[in-house]
Each structure stands twice: as structure tokens, then as C-alpha cells.
Number of protein chains: 2
Amino acid sequence: MSAPAATQLLDPHSARALVDSVEAFLFDCDGVIWKGDKLIDGVPETLDLLRSKGKKLVFVTNNSTKSRRQYAAKFHSLGISVSEDEIFSSSFAAAMYLKVKEFPPEKKVYVIGMEGIVKELEQAGFTAIGGPEDAEKRAEWKSNTLFEHDKSVGAVVVGLDPYVNYHKLQYATLCVRENPGCLFIATNQDAVGHMTDLQEWPGAGCMVAALRGSTEREPIVVGKPSTFMMDFLLQKFNISTSKMCMVGDRLDTDILFGQSSGCKTLLVLSGVTTETLLHSPSNQIKPDYYTTQVSDFIGFLGS
Amino acid sequence: MSAPAATQLLDPHSARALVDSVEAFLFDCDGVIWKGDKLIDGVPETLDLLRSKGKKLVFVTNNSTKSRRQYAAKFHSLGISVSEDEIFSSSFAAAMYLKVKEFPPEKKVYVIGMEGIVKELEQAGFTAIGGPEDAEKRAEWKSNTLFEHDKSVGAVVVGLDPYVNYHKLQYATLCVRENPGCLFIATNQDAVGHMTDLQEWPGAGCMVAALRGSTEREPIVVGKPSTFMMDFLLQKFNISTSKMCMVGDRLDTDILFGQSSGCKTLLVLSGVTTETLLHSPSNQIKPDYYTTQVSDFIGFLGS
């Protein structure tokens with residue numbers, strides 16, 4: 001391991017050393033690539049530069065409401081060319097978890113969540129039910145009437161769902177409790193998130209907790225901070241975590257996540273973390289490197 | 001303490017001793033008073049007999065969907081005369097918790113739950129908002145638009161809610177996270193319950209968990225197995241728990257709950273527990289007494 005003992009300000013020398021030593025850069029998006037709906041300066045050129053040096057780029061998001069295709073469209077709308085293959089959303093992670101575990105394609109997957117999960121499951125060859133289709137359904141307590149559920153559901157995937165309702169919760173609860181071996185997969189467990197620019201809203205952690213409450217079971221988490229993504233990249237591209245660099249703007253999520261999975265870590269100051277906070281005695285989380293923003297690479301590696 | 005060391009089958013002698021030694025009987029309802037929608041034999045006469053001996057009767061239920069008045073109507077429809085004052089529902093418990101804690105009446109209470117909670121809060125002099133009124137509301141993620149919440153909400157009460165939705169969850173989350181000192185009260189945390197005769201459904205524990213997930217806060221629980229009821233009875237009627245007898249059909253809930261709060265305990269075999277299970281080596285929960293059904297008191301205490 002050639003990682004420095006303390007946090008190092010990125011400079012031409014360390015930037016070259018970092019780029020030479022890693023094969024993949026994993027980017028958190030908000031605060032790194034964009035802020036809200038605004039691209040951060042110099043991002044497209046930086047990504048082109050890293051690609052030209054043969055680096056694999058992975059854009060990591062716990063957002064499960066979109067599929068990779070829909071997420072790529074967001075990148076394009078902001079003026080960045082990113083391929084679906086470079087996106088690792090928690091919706092894709094759920095589908096890949098089932099793939100890696102050789103989930104039988106004849107079994108079904110019940111979804112509490114949005115279209116993103118359904119699309120990724122279908123693209124991976126699985127049959128998804130529930131999700132947006134069940135948004136308007138009601139569950140009624142009727143005497144002598146059984147609330148029926150599909151016994152061939154072998155997995156429940158729960159993500160952020162602004163249309164969560166009692167029908168979906170009962171359906172998922174019955175699958176998890178009554179279908180033998182049924183998996184309970186959470187895209188992520190973020191308590192809240194900036195679904196709008198002005199405030200935070202309940203995140204996937206809210207819906208996942210609801211199903212934990214009714215089933216008294218713990219989910220398999222596939223998004224951050226689970227290290228499923230790293231295991232997947234290792235299997236698929238044969239890149240070990242010591243050859244990955246996690247780039248993020250949050251110490252207690254991105255950087256901690258990168259460190260705990262054995263990646264190199266780079267903090268950018270273009271998001272929520274200030275240099276003062278990074279160096280304050282109360283902060284115990286020290287990234288390997290830090291810099292103002294990702295486009296600093298252009299100057300450091302230039303010409 | 002005159003409690004016997006091991007479980008004792010109720011007989012004329014011990015029944016008299018038990019009745020003489022307690023001032024209040026706390027009854028679980030399902031499996032003790034009724035089974036589903038059918039009254040258990042001899043219940044009305046037994047309740048009359050215990051009342052004639054000056055015993056206070058309390059019917060305990062974690063059902064928060066009904067108010068005490070609505071619950072009394074259920075008793076009457078089954079042919080039992082029970083007054084509102086004898087009912088301790090978790091909806092009432094939530095209102096009494098606020099009363100005991102001197103919750104300021106000028107503050108509001110946001111409800112995730114049914115009419116029972118709203119009615120009990122109003123009867124106790126509090127202003128309840130949310131609940132059934134918010135059943136059809138949608139929360140939309142709109143740019144530049146703030147989801148507004150009432151800053152005068154000082155408590156959120158969460159109970160079983162078959163109309164739970166994202167609007168309610170966002171509203172309650174904002175109150176708990178942003179209103180200083182806002183209480184988070186759970187009527188109960190039952191994972192599932194027999195809402196219909198043929199199957200179980202997600203219980204209040206599901207909605208409570210959802211709000212725990214989004215707020216990362218732990219609730220104050222007022223229904224079983226919290227001992228708030230015992231504290232309340234002690235304060236209101238000056239009856240110590242050693243003078244109460246908890247009557248129930250479940251070892252791991254009713255009997256354990258009674259024991260942990262210092263009550264005498266009587267298991268009836270008219271519900272889910274068999275005599276074989278009670279005496280099996282795997283069972284560690286030993287009630288003070290057990291008997292076939294509550295009406296056995298009639299024969300034991302008769303004339």
C-alpha cells in the first residue's frame with residue numbers, strides 16, 4: 001500500500017501518482033459532478049482526460065428511482081457524455097445482486113419503489129411486479145376474504161417510493177413472511193435525501209424500515225455503504241479495491257465508505273465539506289487526498 | 001408478595017385468594033373475552049361477578065384505530081356491557097401520556113393513524129391534525145416549492161394506519177426533525193395483527209418503523225408492552241401493580257408484560273396457548289395461575 005499516512009493536498013506530483021496507481025475512479029455525483037441541477041465547472045473535460053488515460057469511470061448513486069438509462073439521460077441533459085455502463089445506481093445494484101446470486105429467472109420479484117428498479121430488473125431478465133403499478137391500490141380489511149399474493153415471488157426489492165401504501169406493504173410482508181426463502185433486498189437505507197432543492201424528504205430508509213417493522217427481518221443492502229458494488233466490480237472487471245479511488249464530497253458517507261472497502265479516497269471541496277471541517281480536530285475521517293474540485297486534475301496532469 | 005413460586009392451576013381456594021388479593025383485573029381481549037367476532041362462553045356473567053365484588057376491570061388493547069367509545073360499542077354489539085372508563089386502548093394511552101406530561105394544549109398533535117387516536121386526543125382537549133384527513137393527500141417533489149408543515153406541532157402520534165402515505169410520512173418527519181422538542185409517540189409497535197379473520201397484516205410497528213427510519217429517532221411507546229398503563233392506573237386510582245392481575249392468553253406478550261410490571265398473572269387457555277405448551281420445558285414464562293377460561297371464576301367463587 002502506497003497510501004500516505006495523512007491527508008495530502010493534491011498537487012501535480014501526487015495527482016500523477018494517484019492516477020498511475022488506480023484503474024477505476026468511483027464518483028459520487030451530487031457535490032462532485034453537479035450541484036442540484038448545475039454542472040460543476042470543468043467536469044466534462046476532466047472525465048475525458050481520465051478516460052484518455054485508460055481509467056474506468058463509475059458514477060455511483062443511491063438513487064433507485066431511475067434506471068441507468070434514465071440516469072444517463074440526466075447526464076446528457078447536463079452536457080456530460082456518460083454511458084449506461086459507467087453508471088452504478090442502487091436500482092442496477094439490486095438487479096445485479098440477484099444475477100450474482102443466480103436468482104432463478106422463473107421466480108418473480110415484488111417491488112416497493114419506482115420505475116428505475118422495475119426497468120433494471122427487466123433488463124437483467126427478471127420479472128418484476130408491483131412498483132408503480134400498485135401505486136393506486138388499496139388494501140381493505142374484509143371478513144372471509146384473503147389478500148392474495150403470488151407464491152412465486154422469490155425476492156422483494158425495496159427502494160425510495162413516494163407512492164408507498166398499505167397494499168404494497170401487505171403484499172411485500174406476505175412475500176417475505178410466507179414465501180419460503182424469499183429475499184428482502186434494500187437498494188439503500190438513506191433516512192432522508194434532497195428530493196427537492198429546498199428541503200429533505202424521507203428516503204428509501206423510511207420504506208425499508210417499514211418492511212423491517214412488519215417482517216422483523218433485516219434486509220440485504222446493495223447500495224452505499226454496502227460494499228456489494230466493489231465486489232461486483234472486482235468480479236466483473238477484475239479490479240481490486242486497492243486499484244479504485246472513491247471521489248466524494250462527504251466525509252462520513254463517501255470517504256468512510258471508500259476507506260472501509262479498501263479504496264483510495266479523494267475528497268473534493270465542491271460540495272458540503274469545507275477545508276476547515278476536514279482539518280478540524282473533531283474530524284476523524286481523513287481521506288488520502290483532497291482538492292478543490294475534480295477539474296483540478298486538468299491542471300495537474302496537463303499537457 | 002404472596003405469589004406462588006410455580007404456576008398454579010386455579011381452584012376454588014386459589015381463585016378466592018387471588019380475587020381477595022387484587023383490586024383490578026386487566027384483561028387482554030382477543031382469546032380472553034372473545035375470539036374473532038365470537039364471545040367466549042360465560043364472559044358477561046364473570047365480569048358482573050367480579051364487579052359485584054368491587055373489582056375494577058380494565059380491558060386493555062393495542063388497537064388504536066378505535067376510540068374507547070367505539071370500542072365500547074364493539075363490546076355492546078357482542079352482548080357485554082362495558083363502560084368507556086373500563087377500556088384502555090392505545091389511542092387513549094397516547095392522549096393520557098400527553099395529559100400526564102402536561103403537553104401544552106395550544107400546541108398541535110400530528111397523527112399518522114385512524115379516527116380512534118384523533119377522537120381520544122380531542123376528548124382530552126388537544127388539537128389533532130392529519131390522520132384520516134390526510135388519507136388522500138399526495139406529496140410531490142416540486143422544484144422551488146417548500147412542503148410546509150405547522151411549526152406549532154409539538155407531538156407526533158403514530159398508530160396503525162391503512163392509509164399511510166408519503167405525504168403523512170414527510171409531514172411527520174418534518175415535525176419530528178424540525179420542531180424543537182417535538183415528541184414522537186407510538187401507540188404500539190406490533191409487527192402484524194389479525195386485522196381480518198383469515199390472515200395477518202402489517203401492524204402499527206410498520207408505520208412506527210417507517211418514521212424511525214426517516215427521523216432516526218426512537219419513539220415513546222404507550223401501549224403494551226410499555227408499562228405506561230400501570231403507571232397511569234397507579235396515579236389515577238392509586239392501585240399498585242401488586243394489586244393488579246393481568247389476564248391473558250399469550251405467554252410471551254400478556255403474561256410477560258404483566259410479570260415485568262409487577263402484576264399478578266393469570267393465563268387462560270381459551271386463546272392461543274395450550275396446557276402442553278405452558279408446561280413444556282422450553283417455556284420459561286410461568287404465570288402465577290392458569291385456568292381454562294375466565295368463566296371458571298363463576299364456579300370457583302360461586303355462592
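Cβ atoms are placed via backbone N, Cα and C, with glycine included.
Remember, predicted model here, so these are calculated numbers, not experimental data.
In the three-state DSSP classification, B:D28 (active site, nucleophile) falls within a strand. A sphere of 10 angstroms centred on the C-beta of B:D28 (active site, nucleophile) encloses 24 other C-beta atoms. Sequence annotations record features per position, and here TrEMBL assigns active site, nucleophile to B:D28.
Sequence-distant neighbours of B:D30 (active site, proton donor) (same chain, 6+ apart, CB under 8 A from its CB) are B:G36, B:H194, B:D249, B:G271. Summarising the annotation, TrEMBL assigns active site, proton donor to B:D30.
Positions annotated as Mg(2+) binding site by TrEMBL: B:D28, B:D30, B:D249. Cβ-based neighbour count (10 Å, all protein chains) for B:D249 (Mg(2+) binding site) stands at 23.
All protein chains included, B:K224 (substrate binding site) registers 27 other Cβ atoms within 10 Å of its own Cβ. Under the heading substrate binding site, TrEMBL lists B:K224.
Listed in sequence order, the residues B:C29, B:G31, B:V32, B:I33, B:G248, B:R250, B:D254, B:V268, B:G271, B:V272 complete the 8 Å Cβ shell around the Mg(2+) site centroid, once B:D28, B:D30, B:D249 themselves are left out. If you measure from the Cα atom of B:K224 (substrate binding site) to that of B:D28 (active site, nucleophile), you get 10 Å.
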